[in-house]
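What Swiss-Prot says about this protein:
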{"type": "BINDING", "residues": "ASP8, GLU57", "note": "Mg(2+) binding site"}
Amino acid sequence: MIHGIGTDLLDARRIRAGLARYGEHYADRILAPAEHTRYYASRDPAGFLAKCFAAKEAFAKALGTGLRAPVTLRNIAVMRDAHGKPHIDCAPELTAFLRERGVTAQHVSLSDEGDFVLAFVVLEQSATQED
């Protein structure tokens with residue numbers, strides 16, 4: 001059963017401007033600890049950061065909470081499996097929060113074209129979970 005659907009469309013120029021103005025501190029406010037290695041290894045750090053930010057926003061929208069504790073940018077890590085498929089890894093407190101709400105699965109899709117990044121997240125819950 002669908003718990004929630006979230007989408008986010010982001011103009012990556014906003015992220016580039018933030019990096020230009022605030023430097024790596026800007027990235028540190030967005031990235032979860034698990035994302036830093038891939039960020040620094042990326043050929044396009046601003047593009048990487050834009051995709052992470054959009055996915056996190058879409059995740060918060062699918063959850064229906066917005067970005068507020070424990071649903072914070074640094075508690076949500078956008079990761080990739082061995083085939084490149086994106087998924088969300090959550091910090092322990094966020095994992096517990098999801099479990100309390102009956103969220104059992106998640107699906108993430110990311111796309112970009114030019115300066116625009118699109119993220120789409122679907123969260124599932126068990127059929128016995130009440131709204």
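A Cβ is built for glycine as well, from the same backbone N, Cα and C atoms used for every other residue.
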**Message:** Just to be sure I understand the packing, how many Cβ atoms besides its own are within 10 Å of the Cβ of ASP8 (Mg(2+) binding site)?
**Reply:** 20
**Asked** In sequence order, what residues of the same chain, 6+ apart, have a Cβ less than 8 Å from the Cβ of GLU57 (Mg(2+) binding site)?
**Response** GLY6, ASP8, LEU10, LEU67, ALA119
